[in-house]
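A.B. asks: Pulled these from Swiss-Prot:
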- Y97: active site, proton donor/acceptor (ACT_SITE)
- N249, Q337, R343, N373, K445, E473, N476: (E)-cinnamate binding site (BINDING)
- S192: 2,3-didehydroalanine (Ser) (MOD_RES)
Amino acid sequence: MENGNGKMEFCMKDPLNWGMAAESMKGSHLDEVKKMVAEFRKPVVQLAGKTLTIAQVAAIAARDDGVTVELAEAAREGVKASSDWVMESMNKGTDSYGVTTGFGATSHRRTKQGGALQKELIRFLNAGIFGNGTETSHTLPHSATRAAMLVRINTLLQGYSGIRFEILEAITKFLNTNITPCLPLRGTITASGDLVPLSYIAGLLTGRPNSKAVGPTGEKLNAEEAFRLAGISSGFFELQPKEGLALVNGTAVGSGMASMVLYEANILGVMSEVLSAVFAEVMNGKPEFTDHLTHKLKHHPGQIEAAAIMEHILDGSGYVKAAELLHEMDPLQKPKQDRYALRTSPQWLGPQIEVIRSATKMIEREINSVNDNPLIDVSRNKALHGGNFQGTPIGVAMDNTRLAIAAIGKLLFAQFSELVNDYYNNGLPSNLTGSRDPSLDYGFKGAEIAMASYCSELQFLANPVTNHVQSAEQHNQDVNSLGLISSRKTSEAVEILKLMSSSFLVALCQAVDLRHIEENVRLAVKKTVSQVAKKTLNIGVDGVLHPSRFSEKELLRVVDREYVFAYADDPCSATYPLMQKLREVLVSHALANSGNEKDASTSIFHKIGVFEEELKGILPKEVENARASVENGTPAIPNKIEECRSYPLYKFVRGELGTELLTGEKVRSPGEELDQVFNALCEGKLVDPLLACLEAWNGAPLPIC
C-alpha cells in the first residue's frame, strides 16, 4: 500500500499476506464469476501496477478492438526514478547484475558498454523457432501475446525495473492499435522469467531485422511498418542499461496465458454445476442430493455452493415434481438412490471449484507482482538481486487447474454416458434417438464415442508438468517453473472441456425434447386406452355392464408405468411391453372372474381380443398425432422446461442458435449442432443465458426445514 507521499509502505498488520489471501476468498464463487464477466466487458483497462485482474487480461487478449488500455499517469514518476537510478548508478561505476555484468552463469563477465549489453541480450535470446507455418504453427497465439504485453506493462509500471515510461507507452500503443509481435510458442522455462518469448517484444521495440508483427487484419508487418501503424513516431528504441533485462526477465507470458485460461475455467466451473442440475431434471433424479444439511456437515465451501446452485435450479422444477410421482409408483422395485454421477456431483465439483478459485487468486497476485531481477529500490539506493522471475505460482496453479478441469470433464462424461444409456436413463431412448424408427437412428452414439476420446485426452493432460524440470543454462537455472508450458497444456485442457460441455449441453437439450414427446405421447396413449376400454370393456353383448369394466384403472396405471420409448415406434406390437402388460391386466381379471368365464356374455377372456383389435386400429394414429403436434408446435402439454430455471440455456441453444431435435429422418448431423454450440461457447455467447439461470439465486441454500 502507499502512504500519503506516494511511497510504498508494506502493511505490518498482515506482513505475510495471508490475511489478504483469505480476504480475497470471501463471498460466493458465482458472485466472483459475475464480477469477472462485468470486468471483461468494460471498454477500458486502466493500469496502475497493482489492480490488474484476470478478466481484464482475458479481455485484452480476446477483444482486439473492443477495449483500450490506459496507463496511470501517477506511475510515471516512479518509473522514471528507477530508470534514472540505473543511469546514475552506472555513471558512478556501481557494479550491477545485467547492467555491468554478463547474464546467468556468465555473470562474472564485466563491461562498461551498458547499451551494447542490452542489445546483445535481445539478440542471443531471439532463439525461438517459428517454422514455415504451412502445417503446424510454432507461433504463440496472438491473444496470448497480447495478454503477455499487458501483464508486462503492469509489472514495469510499479517502478522497480529501471525502464523508461516511453517504452511502456509504446507497448500500450501496439495493444491499442492491435499490432501484435510474433512470439515463439515454445522455448521458455519461465525462470529466469519467459526470456525467449519476451525478447521478441523487445526485438520489435528495437527494430531488429528478424522481428515480425501481425496487424489488425492479420497482415504480416516488419518493425518499421508496425511502428508506423501504431503511431509511434519516436523511432526504434536504443535500449539503455537494464532496459532489455526489464523487458525479458519476467513471468508475463506464462501468467498472461494463465489468466486467459482461468477466466474460462471459472465460467466452465459454474456451467458444470448448472449442467449437472439439468442432468438431474431430465434423468428424473431425486432432488434430495442437494439438501443443505448433507453438505453443511461436510464443511467444504465449494461443495456447499455447488449443491446450493443445483438446489436452486431444481427448486420448483416441473421435472422434479413429475419425478416424485414416478418414484412413488412401485418404490420397492426401483433403486433407492441415484448413481454417483448425479447424487455426488456437488461433492465431486466442489473441490474443483475451490482449486480453480484458489488458482485464480494465485495468478492475480502474480500478474500484479514485480517479477524481474535485479529490483531497483530507489528509496534505499540499492539494487536487490533475487529470484522473483521464478514462475512457480504459475506452474503450480496451472497444474492444479488442469487436474480440476480433468475431474470436471470426467463427471460430464459419466453423466453423458448415463444419459444415452437406456439401462440407466429412466425411459429415454437408447442413444437419445429422436426418430420414429429407432432401427434407422443411432442418435448420439458417435457423440458418445467422441466424448470418450475427449475425456481420455483430458485425463492424459491432467498429468503434471512441473515434475519434468530440467536443469538449464549451465546449471544456473537448475530449478525452473515451466509456467508457460503448464499454462499451454491447461489451455488445451480448457478447449477439450469446452468440447465436452458443448456436447453434453446439446445432449441435454435433446433429452428435454424427448421428455416433451414422451409426456405428450403418454397422454395420448392414456386417452386412447381409456376410450377403447370404455367402448369395448364396459358393456357386454347384451347391453349389460360387463365385469371387465373394473380393469380400466389398472390399464391406465400400466400406461403410467411403462417407458414410452420402449413401445412408441410400434405401440401395438405384441413383442413390446405395453401390449404385453395391458394383456396381463385383462388376463388377471379374467382369472379372477373364473366363475363367469364359461358364459360368453360375461367372459373377460372373450373381451381381450376385441380390446386389442380396437386399440390396434386407433393407437398408432394417435401416437403419431401426438408426436406431430409436438413437432408442429401445438402440443397438448407444453414443454416443462419453459417453467424451469434452467430454461435460459435451453432457449438459447434452441432459439438463438436455431438447433432442433436430432433425428435420423433429417440430414443434419450431430456434429453440425455441436459445432454451433461450441462456437457460441468460445465466443462467450453462453455466458448470459448461463448466468440468467441463476439470476434469482440469493447466494444461500434453501433453509433446512
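Sequential numbering from 1, following the chain as shown.
Every residue gets a Cβ built from N, Cα and C, even glycine.
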A.B. asks: Any same-chain residues 6+ apart from the residue listed as 'active site, proton donor/acceptor' with CB under 8 Å of its CB? Would you list them in sequence order, or say none?
C.D. replies: S107, N373, P374, A383, H385
A.B. asks: So what sits near K445 ((E)-cinnamate binding site) in its own chain, CB-to-CB under 8 Å and at least six residues off in sequence?
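C.D. replies: For K445 ((E)-cinnamate binding site), the qualifying residues are V420, N431.
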A.B. asks: Which residues does Q337 ((E)-cinnamate binding site) neighbour through Cβ under 8 Å, counting only same-chain ones at least six apart?
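C.D. replies: In sequence order, the residues whose Cβ lies under 8 Å from that of Q337 ((E)-cinnamate binding site) (at least 6 apart) are K286, R343.
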A.B. asks: Express the distance between the Cα positions of N249 ((E)-cinnamate binding site) and S192 (2,3-didehydroalanine (Ser)) as a whole number of Å.
C.D. replies: 6
A.B. asks: Taking 10 A as the limit, how many CB atoms besides its own sit near the CB of R343 ((E)-cinnamate binding site)?
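C.D. replies: I count 17 other Cβ atoms within 10 Å of it.
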A.B. asks: Who sits close to S192 (2,3-didehydroalanine (Ser)): which same-chain residues at least 6 apart have their Cβ under 8 Å from its Cβ?
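C.D. replies: Expected: G104, N249, N373, F389, Q390, E473, Q477.
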A.B. asks: So if I draw a 10 Å sphere around the Cβ of N373 ((E)-cinnamate binding site), how many other Cβ atoms end up inside it?
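C.D. replies: Taking all protein chains shown, N373 ((E)-cinnamate binding site) has 22 Cβ neighbours within 10 Å.
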A.B. asks: Could you check what DSSP calls R343 ((E)-cinnamate binding site) once collapsed to helix, strand or coil?
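C.D. replies: Once the DSSP labels are grouped into three classes, R343 ((E)-cinnamate binding site) ends up as helix.
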A.B. asks: Mind giving me a neighbour count for E473 ((E)-cinnamate binding site)? Other Cβ atoms within 10 Å of its Cβ, every protein chain shown.
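C.D. replies: That number is 16.
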A.B. asks: Inside 10 Å of the Cβ of N249 ((E)-cinnamate binding site), count up the other Cβ atoms and send me the figure.
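C.D. replies: If we count other Cβ atoms within 10 Å of N249 ((E)-cinnamate binding site), we arrive at 25.
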